[in-house]
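*Asks:* OK, Swiss-Prot features for this one:
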BINDING   THR12, ARG16, THR267, GLY310, GLY411, ASN415  ADP binding site
BINDING   THR12, THR13, SER14, THR267, GLY310, GLN314, GLY411  ATP binding site
BINDING   THR12, ARG82, GLU83, TYR135, ASP245  sn-glycerol 3-phosphate binding site
BINDING   ARG82, GLU83, TYR135, ASP245, GLN246  glycerol binding site
Amino acid sequence: MKKYIVALDQGTTSSRAIIFDKEQNIIGVSQKEFNQIYPREGWVEHDPMEIWATQYSVLQEVMAKCNITQENIAAIGITNQRETTIVWDKNTGVPIYNAIVWQCRRTADICDELKERDGLVDYIRENTGLVLDAYFSGTKIKWILDNVEGAREKAEKGELLFGTVDSWLVWKLTNGKVHVTDYTNASRTMIFNIKNLQWDERMLKELDIPRSMLPEVKNSSEIYGYANLGAKGGIRVPIAGIAGDQQAALFGQAAFNKGDVKNTYGTGCFLLMNTGEELVKSKSGLLTTIAIGLHGKVQYALEGSVFVGGAVIQWLRDELRIISDSSDTEYFATKVEDNGGVYVVPAFVGLGAPYWDMYARGTIVGLTRGTNRNHIIRAALESIAYQTRDVLEAMINDVGYDINCIKVDGGASRNNFLMQFQSDLVGKKVIKPIITETTALGAAYLAGLAVGYWSDKEEIAKLWFASEEFEPTISEERRNKYHKKWKKAVERSKGWALED
């Protein structure tokens, strides 16, 4: 009987289920979007029951579509939007509040208050690898406990559970029998110590979070529990792989070795570098995070995020309306020889790594009477590559060694103009894989390894093939000249929203 691996890919806007075979071919895909809830400006929520309902229905749907029963499934792997926080009642399994999404800024005030505490900012950097920010789960848990009536009392009595989305899905799939997370997701909570690989007692105390709420932290590849996908008495399918979305993509790109780098070009860009067993502290405000946890050992990674990547293309389409389809950008960008001296800095929500300026705002500089639509489209596309170079330079500076290539994935990696310009700008080879579903593939690999579907990482590495490679075509002098101009444009955007 042919066996398959199912990856559940629970993202920020949709839940997906993808079936892979042993040769990593995609046998079937199902996807359902769910509601984004915006109760106030800067607040973002999801309904945890809707997350579960959409995720379970796409799992059933893809199995039916491919005519596959649970007997055919060797294991289930889970990958998920990170940091998003769910708190539920241990006895009823009902969430006490909506999921607070990673994008939600409601806990910024809590962060400001914590910044006043003696040495806490440095302690967080040193022990969790993160920066004190509303992005991470810790302050979101505190907010729920402080603001939902009766929550703190229930938590003190051990009646509430916390989990990131992976924990919630495992809890639901196992009918409330298993409460776990993996090292990668734990490393995004701001309450997990990435040195001793334990929940951090000081952070729990600072945020007033009872230890009893927290899931057990496990490897990213092991059997956590079993899901019964059919009627009672049916075959139980092992749930055997978990990783946060960006770490799953790193694993799905077979970036197993120290110095391997991947960039996911989505709405934002996420650049991760595997630093092996070395925990590298960034001097440039990059995050130190756990890349993967296997056999009780972890590999670390440096992570830098660009807030506005592919979103700049959506802006050209939806707000400026100078393109009708995202794929048009490549056509228009190649109709001009260069950017005509125009630079777009898409600091719509400030600038992330390595600038960390929340008051920066978007700018278009270098306009002349000869500037046309094509120059602006080209400059907007180029901004994605410039921001990636900024993060990559910071990474190389932090680790003290160079890299050979960048493995790429995500929607905007389909744009060949952008990929060639990226290669030109960083002076490195840019490689696209044959399977672009790297996040789901990473979760599938982790699940498959745990049940012996694939024997080891070496076997997986042999399955990884490039579909396209882009080599630099311009001189070092020229790329540095371009970049110098970009840096000048960035300076113009900094601090713009500060009150005079």
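Just so you know, glycine gets a Cβ as well, placed from its N, Cα and C.
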*Asks:* Over all pairs in THR12, THR13, SER14, THR267, GLY310, GLN314, GLY411, the listed ATP binding residues, work out the largest Cα-Cα distance in Å.
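*Replies:* Greatest Cα separation within the listed binding residues comes to 18 Å.
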*Asks:* Please find, for ARG82, GLU83, TYR135, ASP245, GLN246 as listed binding glycerol, the greatest distance between any two Cα atoms, in Å.
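*Replies:* Spelled out: the longest distance between any two Cα atoms in ARG82, GLU83, TYR135, ASP245, GLN246 is 15 Å.
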*Asks:* Can you check which residues sit near THR13 (ATP binding site), meaning Cβ under 8 Å from its Cβ, same chain, 6 or more apart in sequence, and list them in order?
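*Replies:* Correct list: GLU33, PHE34, GLN36.
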*Asks:* CA-CA, which of the binding-site residues SER14, GLN246, THR267, GLN314 lies nearest ARG82 (sn-glycerol 3-phosphate binding site)?
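*Replies:* Looking at Cα distances from ARG82 (sn-glycerol 3-phosphate binding site), the smallest one goes to GLN246.
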*Asks:* Check the Cα distances from THR267 (ADP binding site) to each of the binding-site residues SER14, GLU83, GLN314 and keep only the ones within 10 Å.
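*Replies:* Passing the 10 Å Cα cut: GLN314.
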*Asks:* At a 10 Å cut-off from the C-beta of GLY310 (ADP binding site), count the other C-beta atoms across all protein chains.
*Replies:* 23
*Asks:* Out of ARG16, GLN246, ASN415, point to the one nearest GLN314 (ATP binding site) in space (Cα versus Cα); all of them are binding-site residues in the record.
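*Replies:* Closest candidate to GLN314 (ATP binding site), judged by Cα separation, is ASN415.
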*Asks:* DSSP three-state call for TYR135 (sn-glycerol 3-phosphate binding site): helix, strand or coil?
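*Replies:* DSSP call for TYR135 (sn-glycerol 3-phosphate binding site): coil, neither helix nor strand.
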*Asks:* For ASP245 (sn-glycerol 3-phosphate binding site) and ARG16 (ADP binding site), what Cα-Cα distance in Å is obtained after rounding to a whole number?
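*Replies:* Checking the Cα atoms of ASP245 (sn-glycerol 3-phosphate binding site) and ARG16 (ADP binding site) gives a distance of 13 Å.
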*Asks:* If one measures from the C-alpha of GLU83 (sn-glycerol 3-phosphate binding site) to the C-alpha of THR12 (ADP binding site), what distance in angstrom results, rounded to a whole number?
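*Replies:* Checking the Cα atoms of GLU83 (sn-glycerol 3-phosphate binding site) and THR12 (ADP binding site) gives a distance of 11 Å.
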*Asks:* Cα distance, GLY310 (ADP binding site) to SER14 (ATP binding site), nearest Å?
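*Replies:* Counting only the Cα atoms, the answer is 17 Å.
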